[in-house]
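Engineer: Okay, these came from Swiss-Prot:
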{"type": "BINDING", "residues": "69, 71, 138, 160", "note": "Zn(2+) binding site"}
{"type": "BINDING", "residues": "361, 362, 363, 364, 365", "note": "substrate binding site"}
C-alpha cells in the first residue's frame, strides 16, 4: 500500500513563502522553496522563511526540490534550505538561472551546483513517483505546474498561474496537457488561491501593453517606471514601448540589473537594439523626452526608491518638474498608505503619478472563473487551496463546491498540518513545526516576538537611559544620575521632565542603599519601575528604560 502525506510549511493563510511537501512512502518531494517579505510590524526583519526543522530531520528522504517559477515566493528560501539539505533542484531554464542568483549570493551555498533544467516534456522517474511538468501563464516566462504521478492518481501543484488567451510565447498555458492530466486521474490538487475572491475580468497582457504604450506615448518628459524586477512580462512591455517611442531605458537597482541581464542572455527578454539600455551615468547625454527610468527591485523596494527620488536622496535620480511616475506594480494592502505618502512627495517635487491599476484590473493570478475552469479540466478528487490568506482559501473552497467537489474532500490547511491519505480520504494527523523564521542580516531565527516587541517600543516610544555611580561599601551615591534619551522627548523642551527623572533616580537609589542587603538586579528593577511609572504619568508613553548602575570600589 502506498503511504501519502501532504504538508504545507508555508504558503497557506499568508501571501508568499510557498513551501509544500509531498511524502510518498519513504520519499519526500519539495514543491517550491519560497520566502516572503516582512510585514509592517516586523521591524528590522529583512525576510521571512519557513521553519525547516522537519525537512532537516528527514533530509535523507528528499528526492528533489521542484520549482514552479522564478519569483522569490517560490525560490527565495533555497539558500537556507540547501545549506542544510543536499538535494537536486529542478526547474525551467530561466527559473534555474534566477535560483542560482539567490544561491550563489549566500556564502553557505555559493558552491552548490546540483541544478537540473526541465521543460514541459520532461518526465523524471523516482522510486515512489513520476514527476512531470506543464506550462502555465504568469508574470514571468517559463512558469510551470508540477505533477507527481502515484498509483493512487496524480498530485498536481499549479504554482502561480492564470489563464490568458492572448499571452505571448513563453507565457502560454498548455490547456491540452491539463485535460490529459485530468483524464489520467487527479488524486489531489494544490492550487493558487491569491485571486479566488474576485470574478473581475483580469486584463490580458496585450491590453496592459497597450495601456502602457499609451501612457508613455502621452508623456512629454521623463517617465519613471516602478516595477518588480522579476515581473519580466512588465519589463518586456517597458522595452517595447521605449523602442516604439524612441526612448532609452535606464536600469537602477542591482536586482534589476542582475535579473534583466540574465533574462536577456537567455533570450527571455528581447530587445532589438543593444543601445536601448544605458547606464545611469549616461542620462545627461539625452533629453528628458528620450528617457525611461526603470526602477525595479524586490517587492516593496520600488516604492521605497520613489520616496528617495522625491526627497532628493536617491543615488541617481531626483524627481523634477515634468516627470511622470508610472507605478506598474500592484502594492500590497500593507503598502497602500506608504504609496499615498509617496504620491504626495512626488507631486510636491513637481512630478505626476499614474498607477496601472487605475484603468485596468491587473493580476498574475487566476480569478474565480479561471479556478473553476482548472478544476473542471483536472477533475480532482481532493482540493487543497494554497497560496493565499484564509479568506482566499475559503473562497476557493466555495468555488470547488460549486463545480461538484464534495465539501469533505476540500481541506483548508494550517501551516504544519500533516494530512495522511487512508481508505477514508485525507485525514489530519498532527503537525510539524511551521513557525515563521525571520532573517535579520546574517542572523537566522534570532529575531523572535520579544525582539520585535522591543523594536516596536523603541520605534514608537524611544529609549531612556539613566546612569549613576554608587559605592556599595560606603552605601552612598558617588556621581548623581545623568539622563539621556533617543526618540522619546525633544530634549530642549523637556528639561523639567529630565531633571525630575534624575532626581527620582537619585532618591530611589539612595533609599535602596540604606538597606542591609544589596542586589544589582533588584536595584535596577526598582529604578526601572519607578521611572516607568513617573514617565507614563508625565507623557503617557512607555519608553524602553535602560538603567546603568556603576560601582566605585
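Cβ atoms are placed via backbone N, Cα and C, with glycine included.
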Engineer: Within 8 Å of the centroid of the Cβ atoms of 361, 362, 363, 364, 365, which other residues of that chain place their own Cβ, given that this set defines the recorded substrate site?
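Structural biologist: Filtered neighbour residues, in order: 162, 195, 202, 203, 330.
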Engineer: Which whole-number value in Å describes the distance between the Cα atoms of residue 363 (substrate binding site) and residue 138 (Zn(2+) binding site)?
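Structural biologist: A Cα-Cα distance of 9 Å.
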Engineer: Enter the number of other CB atoms within 10 angstroms of the CB of residue 363 (substrate binding site).
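Structural biologist: Residue 363 (substrate binding site): 17 neighbouring Cβ atoms within 10 Å.
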Engineer: Counting distance between Cα atoms, which of the binding-site residues 69, 71, 138, 160 is nearest residue 362 (substrate binding site)?
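Structural biologist: The answer is 138.
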Engineer: Between 138, 361, which of the binding-site residues has its C-beta surrounded by the fewest other C-beta atoms within 10 Å?
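Structural biologist: Among the binding-site residues 138, 361, the sparsest Cβ neighbourhood within 10 Å belongs to 361.
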Engineer: Let me know how many other Cβ atoms fall within 10 Å of the Cβ of residue 160 (Zn(2+) binding site).
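Structural biologist: 24, counting other Cβ atoms within 10 Å of residue 160 (Zn(2+) binding site).
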Engineer: Over all shown protein chains, what is the count of other CB atoms within 10 A of the CB belonging to residue 71 (Zn(2+) binding site)?
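Structural biologist: So the number of other Cβ atoms within 10 Å of residue 71 (Zn(2+) binding site) is 29.
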Engineer: Under 8 Å Cβ to Cβ from residue 69 (Zn(2+) binding site), same chain, six or more residues apart: give me those in sequence order, or none if nothing qualifies.
Structural biologist: 91, 92, 95, 136, 138, 140, 142, 143, 144, 159, 160
Engineer: CB neighbours of residue 365 (substrate binding site) within 10 A?
Structural biologist: 22
